[in-house]
Amino acid sequence: MNKFSFTKMHGLGNSYIYVNMFEETIPESLLSSLAVKVSNVNTGIGADGMILICPSEVAPVKMRIFNSDGSEGKNCGNGLRCVAKYAYEHGMVKDRSFFIETLSGLVKAEVTVENGAVTNVTIDMGKPRLKRSEIPMIGLDAERVVAEPFEVDGKQYEITAVSMGNPHVIFYVDDITTAPVTTLGPIVEKDERFPEGVNVEFVEVVNDHELHFRVWERGSGVTQACGTGACAAVVASVLNGKTARNKETVVHLAGGDLIITWTDEGNVRMTGPAETICTGVYYY
């Protein structure tokens, strides 16, 4: 029987099983199936997926993320904050500002430390990708997808689509408590107009610096939080004139709050907590 040590961590309730690949060895061919198994709340550990903290040739660490359905994702805002916390607290980095490699590129992390423990992490998520081909999405001739008509099962909606290294589509709602997360979410996630699938966000605008947010994540379903989704929601809200550029926006997620800023320089900055839940050994 094989085994590996793990740390379970969460960012605003978005939990993953973190594996230190500097110390552990898991066959590449088993990563997808193991992500499914460890995520299972009944027969595994229970999580939204599995994240590997790996050696990198271009940064102190590299993050690989596997969703609970076994698919490999390119980016994860909540995961990045937890990787930053783990890397700093385990001595993988000494500076409080450092880079993390992801499948969608390098991102910069800055940790806030109190008594040797990381309490908050700010991630520079880079520039949003706004071209239809970058999301990607099939549809109208317009280069950007902003307040675009979108029909699902005979009903008309308006959507805005943004990539933060992974694809997001935003629906605005009047009341976040009645948002059709579990009904519309899974349909849109696999809509053929999004050839790589899509994360589906529902946003209620409170004012010009505050949003309520719920998400149906590609490959995971309903989660307590989605960092890249919160970033995409703020970018979409600026594009639609609902919030302001270069101004902090508080995004209220099911698991807590993130502070997001789309700077005048073009990058999106995300600040929020990261917490360790437990450590253990998984047998397979």
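Glycine too: its Cβ is placed from the backbone N, Cα and C atoms.
For C76 (active site, proton donor), the count of additional Cβ atoms within 10 Å of its Cβ stands at 30 [all protein chains shown]. C76 (active site, proton donor) falls outside any helix or strand according to DSSP and counts as coil. The active site, proton donor annotation in Swiss-Prot covers C76 and is backed by sequence analysis.
Per Swiss-Prot, the feature active site, proton acceptor maps to C226. Applying an 8 A CB threshold to same-chain residues 6+ apart, the list for C226 (active site, proton acceptor) reads N14, G77, N78, N199, E201, V215, E217, L253. The secondary structure of C226 (active site, proton acceptor), as reduced to three states from DSSP, is coil rather than helix or strand.
Sequence annotations record features per position, and here Swiss-Prot assigns substrate binding site to N14, N67, G77, N78, N166, N199, E217, R218, G227, T228. In sequence order, G11, N14, C76, G77, N78, G79, L80, R81, I123, M125, L258, M270, G272 are the residues of the chain that are 6 or more apart from G227 (substrate binding site) and have a CB within less than 8 Å of its CB.
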**Asked** When a 10 Å sphere is centred on the Cβ of N166 (substrate binding site), how many other Cβ atoms does it contain?
**Response** 28
